[in-house]
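Peer 1: Sharing a structure here in structure tokens format.
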Amino acid sequence: MLFIVCLGFLLSIAILFIHKFIKGNWAWLSTLIPLTSFLYFLSFIGDIAQNDVIKVSYSWISSYSVDLSFMLDGLSLLFVLMISGIGTLVFWYTSSYLKGHEYLDRFYAYLGIFMAAMLGLVLSDNLITMFIFWELTSISSFFLIGFNNESKSSRKSALLALGITGVGGLFLLAAAVILGQVTSTYTISEMLSMSNEIAMSSSYTFIVVMIFLAAFTKSAQFPFHFWLPGAMKAPTPVSTYLHSATMVKAGIYLILRFSPILGETSLWNTTLITIGAITMLYSAIQMLFRTDLKAILAYSTICALGILTFLTGLGTYEALVAAMVFIVVHALYKASLFLITGIIDHETGTRDITKLSGLKQGLMPIAVAGFVAALISGGVIPTLGFVGKDLIYESTLHFKNNAWLLTGIAIATNVLLFYGGFLVGVKPFLGKKPEALPHLHMPSIRLWLPPMLMVLLGLVLGFMPYLLGDSLIMPGAEVLSRGESGLHLKLWHGFNTMFWLSTLTIAFGVIVYLVLKPSDKLLRFSEKFEFISPKSITQYLVSLFKIMSKYWTMLFQNGYLRHYVATYVTFIIVLVGYLLLKDPVLKIDYNTLADLTVYEIVIIIIMFLSTLFTVFTPSRLAAVAAMGIIGFAFCLLYLFYSAPDLAMTQFSVDTLTVILFVLVLYRLPKYLKFSKNYLRVEHGILSTIFGGMITFLILKVISEPKNSEISNFYAENSYVLAKGKNVVNVILVDFRGSDTLIEITVLIVAAIGVFGLLKLRLKARDKK
Amino acid sequence: MEILLAIMTGVLYAAGTYMILRRSIVKLIIGIILFGNGVNLLIFLLGRITKGNPPIISPELKHFTDIYADPIPQALILTSIVISFGLQAFAIILVKRAYKVLKTDDLDMLNTLDEDS
């Protein structure tokens, strides 16, 4: 199973080597990859229908109990079949849709990564692995949305989508970690038996909220829905695959998967019902104002996702069955509508509904497919859509509270979904073809076959819903529900309430379709309210955040060296000063001052004066000379205090430095005072405090007893082990010999640098 | 004597910091050198000071019999002196080159933020 999951990854790695091949006429061969997975998973239908659960585990990071464990049950089988099945059609479709595109190879690579990640996500039995796949889908989605990376709006949409879904992923990680702590396992199937413990634990609310945030951001629920219409900037196959049929359903999958673990509390049910209902209505109304075919489909997708959230929130057995059927229904009609939109776009070059009509001339088969897709979307008998809508009404009507209110909301949404479906699937094909549109002819079979197959499946399953029901939906519902079973899908239930409600929906839908004409006026009207939409508010917050972080950055990172140094120094003063002031008492033995010799006092005075002179002299030469004097005073100091080696080194180095300085001096400009006076005073005070603090620190340290363990080791062993009597030398060349070697290397590098800089001849253009 | 040296270290630190905060690159280098001297003195002091007893074992002995100056700070300072020489030499030459190309030694004139470039 791991191999099948990773096929997509393998494909994208392989594309690195065979990209020329993929870009040529053999692009359609990549279809074999999803097809293989599809057939592989199809072979499990028999086992799953017997309510078997297939578990495979590969050990990965076992010490953190993160393993690649996969679980195939009814629910995940439904999803993997959808992912690989629609994947097959989309791979096939793309080979013609993006034929000859410069980056077709990249596109397939991203698509491969996405498919593998998505399969991994729905198969994972380990929460951490699930999180990794979850984030992988967000990342591959980012690349796919931004596929037309020359377009600014495309890049912006990609970033927005990544921002929202990426943050959502982090919520999932938070939930996973806390769940892992509560249940001391990351395995989802093991959590099933612990739902009571989880519900009792104090982190329950936190976990649920985190799971919700993850699911709502991924599945575009209000108020996080706004990234999805933006994601329509992606090429149409991507919109079909990621942003209607599969990726956005990952959030739904998550809440479905967790409803047996976390569900059946009022927090769980009420939130899902409320958010689902708001999303349904909000996006259904938004749909009325759109004129771009893909925008209409985007909002109708959000609407469908709202319905799914809503159904999961109801949480009854009927509702869960309804949700699972509706997932299939939606995938079938939405994917085909998207693909049809892609064909229209491909053939006419526009997606504006107000400019499209009469396309049935030349595109008749597509028109038929569009009509059937619209029927499925509208839930007209005898399609699978009817079965789905029937189940939705059944579950709202049988819900214990506010049944009629919920049913009302469901009807209103379905009316608008009907309208949306017909708007995209039927309207462009009817009427007279405008002069502006080019002459149309049927596109390649690779374009029209996929939508055709899907609507056909929608029809067949409509007549024989038990094919779907017994093999996938029932085993899936079995996993989710607590022991209930036995609902069988049927197309015809007789003239019951649900049937009349369905008829009512269709009637209203037809009226709305006939009365309402999409126009630019409506679009402009809705744009007036754009400023209070969640998208604008988020963007406003983001820009505010940017301004703030820029200000914050400039506060510390303004590009002036002295500013950085001043910040460091201030920071050290505050930190160390705070510690020192906590115990400000100094134990100083003033008696040592009595032993001072004249030489020592004279050296200190010389050092002190030349330091002051170095700082304040207006002449550069004087400053360098004074610095040399400090160096030589250091030599004497080292000599007095038993460090002859240091004295010698300091002497030679100091001489060299001064000579070097003098050599370059004459080439330099005048030694000017650049800084303003108040800045000099400010820096003076800062430096003085810093110096004072260092003095204080030293006095504090030397009043403590010294630990000479290491020094004693060297002193003891200098001759015994290293046969040397000058301990400092022995340390440098023997005990720490390799350090000295590195030090020499550093010097050589510096010397090469110096040499290079001296010999460097700049080209004329660099001198400017 | 430690007290005086501690004060001297503080003075060197203060002078070094002040010079580093100036705009002229030459002053910056002088500041780094002063600062480096201050650091050396600090390390030296942390090993405590001993008069007239260098850490060299007498030719006829195998161990120290008398007190001796702490060799570790000395080894550290020796390294530090040599490395800072490398740094200084490189910096001085760099200043020279920078002046030749840009005709200024004002740090603020060498300043290019990403947005301006």
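Placed from the backbone N, Cα and C atoms, the Cβ positions cover glycine too.
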Peer 1: Under TrEMBL, the annotation transmembrane segment belongs to which of these stretches: A:238-259, A:678-699?
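Peer 2: Within the set A:238-259, A:678-699, TrEMBL attaches transmembrane segment to A:678-699.
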Peer 1: Across the domain 'MrpA C-terminal/MbhD' (A:605-670), what does the mean pLDDT come to, as a whole number?
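Peer 2: Summing pLDDT over the domain 'MrpA C-terminal/MbhD' (A:605-670) and dividing by its length gives 88.
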Peer 1: List, by number or range, the same-chain residues at least 6 past the transmembrane segment (A:404-426) whose CB is under 8 A from its CB atoms?
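Peer 2: Apart from its flanks, the transmembrane segment (A:404-426) reaches 273, 277, 280-281, 284-285, 287-288, 293, 296-297, 299-300, 303-304, 306-307, 310, 314, 333, 337, 340-341, 353, 367, 370-379, 389, 392-393, 396-397, 501, 504-506, 508-510, 512-513, 516, 518.
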Peer 1: Work out, from DSSP, the number of helix, strand and coil residues along the domain 'MrpA C-terminal/MbhD' (A:605-670).
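Peer 2: Tallying H, G and I as helix, E and B as strand, the rest coil: 55 helix, 0 strand, 11 coil.
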Peer 1: For the transmembrane segment (A:107-136), give me same-chain residues lying six or more residues beyond its boundaries with a C-beta closer than 8 angstroms to one of its C-beta atoms, as numbers and ranges.
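Peer 2: Same-chain contacts beyond the flanks: 1, 4-12, 15-16, 22, 27, 30, 33-34, 37, 55, 57, 60, 64-72, 75-76, 79-80, 83-84, 87, 90-91, 94, 98, 101, 143-144, 147, 166, 169, 172-173, 175-176, 179-180, 186-189, 214, 218, 235, 237-238, 241-242, 246-247, 250, 253.
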Peer 1: Six or more residues beyond either end and a Cβ under 8 Å away: which residues meet both conditions relative to the transmembrane segment (A:198-217)?
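Peer 2: Sequence-remote neighbours of the transmembrane segment (A:198-217) are 134, 164-165, 167-169, 171-172, 174-175, 178-179, 181-183, 191, 224, 251-252, 254-255, 258, 261-262, 265, 267-268, 271-272, 275, 309.
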Peer 1: Six or more residues beyond either end and a Cβ under 8 Å away: which residues meet both conditions relative to the transmembrane segment (A:268-289)?
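Peer 2: Apart from its flanks, the transmembrane segment (A:268-289) reaches 208, 212, 216, 220-222, 225, 255, 259, 262, 296, 299-300, 302-303, 305-315, 406, 409-410, 412-413, 416-417, 419-420, 516, 518, 522-523, 525-526.
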